[in-house]
Amino acid sequence: MRWPLRQDTVFFPPVANPRACGHLDCGDGHQVWWELTGNPAGVPVVVVHGGPGGSIRPYYRRLIDPDRQQGVFFDQRGCGKSLPAGALDHNTTPDLVADMERLRDHLGFERWIVLGGSWGSTLALTYAEAHPERVAGLVVSGVYLARAFDVWWWWQGGGHVFPEVFAARDAWLPAAERGDPRSAFVHRILDPDPAIHRPAAHILGMAESQTLDLWPAAPGDDPCGITDAAVQSARIFAHFEAHDYFFAPDQLLRDARRLAGIPGAIIAGRSDMCTPPQSAWDLAQVWTDARLHIVPAAGHRWNDEQLCRPIIAELARLAGAG
């Protein structure tokens, strides 16, 4: 049984178009797309999308209080409307952190609240650890710390909950490579030949869509039914996987001590099967200024009402409205 995602009681009204937008030259040939919504006099909240390889989604705008806050949204390098699309050169975690600082300076904000989910939590935490003086508050959900445990869970551990999905995914690989699906898929997705990387990206994407939480999307059945944008997203993801997200081992959790003094919140869905609550718990033991919410019946995605209720409440608190 697929549980429905309820989307109409917590969120702010839809925002059809941003009030300002554009491309920011970030050097190295990259033009990062950004958007502003909400009250120009409101507290700025920068929203960091997931992935790596994701993009701004229109429903993210509904997390921002249009009267008291202004939303800042951007597509990370190679993602969404950023140019060049799908670029892997000069696309690293430190590059993305530097882009956030360029954007903050470009928009004239002294400090801002940072919100990130899934890979967006990883990047939000990395930014806050590098620039704590620029962070007025920090909210993360679907915490991904990019440790060996987190990587193992994504590629193999989740198979304890979804054995049939993981088995079907790995059955697509040659038998000799099924013991290390991460290396096998990453190698194929980064292959320059579309005949190799396109089906690999699709198989991996189908498995991911069915295992994010306990009410997954219905599986697809067309091994070639993947868009060009989805292929670009998968290749960016594989690029970061191939480089261990450009972190030293355990770097993100070890450096979380730098978050001391930053108010914020850590939010985990009890039914999140992509980034299980253990990582949120581990972060909370180091970042003790944060409020920890483990939310019953909540999953991984930002269109989940149960997950987003505390996100919106914590943004209001940090912005001084709650």
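Placement of Cβ uses the backbone N, Cα and C atoms for every residue, glycine included.
According to TrEMBL:
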- 44-300: domain 'AB hydrolase-1' (DOMAIN)
- SER118: active site, nucleophile (ACT_SITE)
- ASP272: active site (ACT_SITE)
- HIS300: active site, proton donor (ACT_SITE)
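Shown on the structure are the features that TrEMBL records.
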residue	record	CB count, 10 Å
SER118	active site, nucleophile	25
ASP272	active site	27
HIS300	active site, proton donor	24
Worksheet, complete the sentence: DSSP says the residue listed as 'active site', in three-state terms, is strand
Practice prompt. Average the pLDDT scores across the domain 'AB hydrolase-1' (44-300) and report the rounded value.
Written response: 96
Worksheet item: Reported as an integer number of Å, what is the Cα distance between the residue listed as 'active site, proton donor' and SER118 (active site, nucleophile)?
Response: 8
Fill in: Integer Cα-Cα distance in angstrom, ASP272 (active site) to the residue listed as 'active site, nucleophile'
10
